[in-house]
């Protein structure tokens, strides 16, 4: 290069006298005409081939047209350049790249942006020369200083302090060094936030991918694995664990970058101080083993905490699913205690973890003090040699480097913490993903054919787990295409398991299973989606109007459409909560029929419907002349009347097929089946000349003779109530919103109200708050003191080349540093403990608010909304808010310290500080409003994800049977994407804010440096070093303040969402203080309705009006009516699920409105149509308050005919039930509900078709139990099966909320009124 310059006749390439040792610096002509001209050209020509290859390989995104004016502007610069030069050829290349980008649909280019930027920067020096030739008196110093290493910030401070010490140095050099500090700080900010942006992007993609992976696994896991992986655990995986993996991506690089930064830092310290710099390494080395041990212990504690959290979320999901049972049985307090135990265990583990975390934070934040101020660094330096003098340059450059070291060391505990949490989360994810999946070869799927055997099982042996005992053995069956197969047997004999084996839901231990064609499955408990009735039936299929109408008519749904507010567009609540049991089963059946599958597996779908409706469905759908007459049908049933019409009857007994053949063949064999049929037919003829469905009559007749029994086909589901509520709401809605039931999670607008902060800090407590503020101030005062002490040491002039009193100086430093470390430990610990206290109170308040809410609240609030608050929002309150407060308070006080130092050193900094503060506050406030709204939108869009996961887990077997996995996966992906659409702009906005605010901080650095340069004659090097070294921290401080402030503000939204349900309507109090209710109330069971009226909302039509009835003790009264007549409302009024609008209900002379809800509900009993069990032991499900002895429990089980089953279990009464009692059959669950009623021993029993799921033999067995145990009770039945109430003393017929008829059954039939018409339709007269 020197030769080139010499040949060209120019000056040398570099001349220090011209460039550095002068008051007017400049670059040589050779440098300007070579390096500055060629650098942009070399950059573009080197990178363009790779960039053009990238454009060629990327997906085509369309063509971006250019106007003629734009094309001329693009070509003009290359034409203006000197022809034939490198610059012209490079500009032509730039134009070519622009055109290629437009053709590939690329609107912007980093390559060309950097090229134009570099070209402009390299043109600045020649431009300066041209300006100097025109304006002779102007002197400017324009330079291009480019670097990519933040470590030269320390070098910039070194040069600035050297300038301050050298009184003869030119003033421009001071301004140059100040500008250099500013430029390097800005470059550091840009690079750091680009890095953070990419980390968050990668983390977000990882989180999204893992959530999708978990959902896909949910659709694959086996039934046994589903019992181990509870919904609570899965919700935690997609909420807490995926978030921890994302945090790990952000902080992970700190783990490997930190050692590099530490090495570089000590290298520069070596350059500055020599070998004593190595002594500082010892302090750092000692910190790592301590924190490694802490991280290991915290990892174990987090596993414990997450296990408790899984259990809590699982229990909360069960509470929300079975909340109506909790209210009917007054069990809220028992489950409050259960949740409280799990929550206390969770917080106890969190408390231990936070104490260790406080130790870790204090040790890392004290590391800079340990490195610099104890005998490790400065101590070794001054004590090893008397001639080692600590002047301002050495002290504050060292402090600046140590402050740079402080950043990775302070981030390292966060990195170690997130890494530890990510490892735990990863283990949990791996455990879940390794769960057993359904084996595709369990069932061989063959193409459909019209001849041959459609369903074949040869030598089949099946179990629910791969290592468990077989539930089905020796199964051999062949079903020809188009046959109707009936499967009968006792409770627990394996009927439902046989259908599961055909679906491939069970482990095939031996044998062979094959099915030809597509399969449709109707489960015993209908699975209904939270969607419109139409979407539930279509189930992803295309609507064909004629077939759709035929299906609705055949499944007896047309009359229901007239009742629903928006017909088939009416929204159905979660689990079909606004439909009766019969309606749910008919919708489930319609879904299967509409699909036109080849094989239909029907698991007792007729048990939940009226007898005449069941007959209608059998004839129009299932039977020989129904819509499915040409399909292969396997029907599990307890209805004897259907067996004669079946082509094949299978009799199940103890997991085996005991008899198989046509109905007539089995009767001719005169085996157990034939005897059973003869026995019940004989009983039927003897008991009544009126035709009855004996499967229900035996049990209910006995019950009716001895108890007050409320038999509600729809009351427990509160279908009529829900429909009335929907009608009430729909009066205020547009037509397009009619039929809407659930309310989407709503997002508030604007900034978080100050009330939320007050609410949070109120729960923390004044003692904690005052302690935290005092310790923060004390810690920062200690930091200010030892920094000021350091500046005094730096200004001390050496005497004879040495300094004195080293021991005193080091002792003061050690005392101040130790004080600061202890104050930091106390601060972080106080914030953590205060956060735990607040979280405990907020969770308890949320739980109480939810459980005190009326049933109408749960009808319109999706469970995902509530689970979102109990999982993600509570997790944010547990961890995110305290962590954010720790950082925010620490850095706010640190910023205050920096401002004090700057104002003391250079008072004129206030002129810059004040406007910068105003701009800072403006930008921050502008940002926070947007950020909070995005946080709310992100939280709101998260609830549908949880609802979808919940719904999918409950209906996995149906989804798999219909082959709809792909559609549900796409729905889950869409919900997750909607959530990320709100999350992505939130962290992009955070990066925008951070870059802007750090630029303001860099301006403060520039102001402090320039004012120090201008006042160098008045300021000592020690004060300048103190001011500038602290101002250099402003950028990092502002960055962390932004981050922590944003985190706190965003996560306070969680407090807002948790407190949101405080203001929703609540039920009456559970227990009235000072109540004089007799302990044995009710003693007789007398019920009086006195001019009773009920409205679902004020201003609406009466649901019940002018109801006046006097029911005597032990009287048998049946209440009947069409759907919506008010019979369910009557039952809801007795339990005060709905409060009276006028009149009153009295039980034994006491107005039930004047006693507590628990006082009322605990004294009467209901056995629901849908048996609900909770996860836990059998003992807990029978007696959650633990008030009954084992003897009482065993007696109740014996009377419910479950004692032999429970005795056979390994853990007997401690046998653990799965979520919803899925490891028990439906009949066994129903018998457990009967055992509950026997234990409660109340005078009033509310029965809702409690034996719908038991076989005839079991039904007959419990008859004597009911007669003996409820002999002294009164009877009231709200029935939809009229044959169950034909021997009652009185019948009340409800119509439009009033009593239409009331008399004995025989008298009402003679009157030939409404009751007669109903009996006529049911075939009873």
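Here the Cβ of each residue, glycine as well, is placed from N, Cα and C on the backbone.
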- Message: I'm validating the feature mapping. Which of 694-722, 723-751, 810-838 is tagged transmembrane segment in TrEMBL?
- Response: 810-838
- Given the ranges 595-622, 623-650, 651-678, 763-790, which one is assigned the annotation transmembrane segment in TrEMBL? 763-790
- Message: Quick check on the annotations: TrEMBL lists transmembrane segment for one of 216-235, 276-295, 296-315. Which range is it?
- Response: 276-295
- Task: Out of 35-54, 55-74, let me know the one TrEMBL marks transmembrane segment.
- Result: 35-54
- The predicted model's mean pLDDT over the domain 'ABC transporter' (457-679) is 85
- Message: Can you work out which residues elsewhere in the same chain, 6+ from the ends of the transmembrane segment (35-54), have a Cβ less than 8 Å from its Cβ atoms?
- Response: 13, 27, 86-87, 89-90, 93-94, 97, 100, 109, 111, 114-115, 118-119, 122-123, 125-126
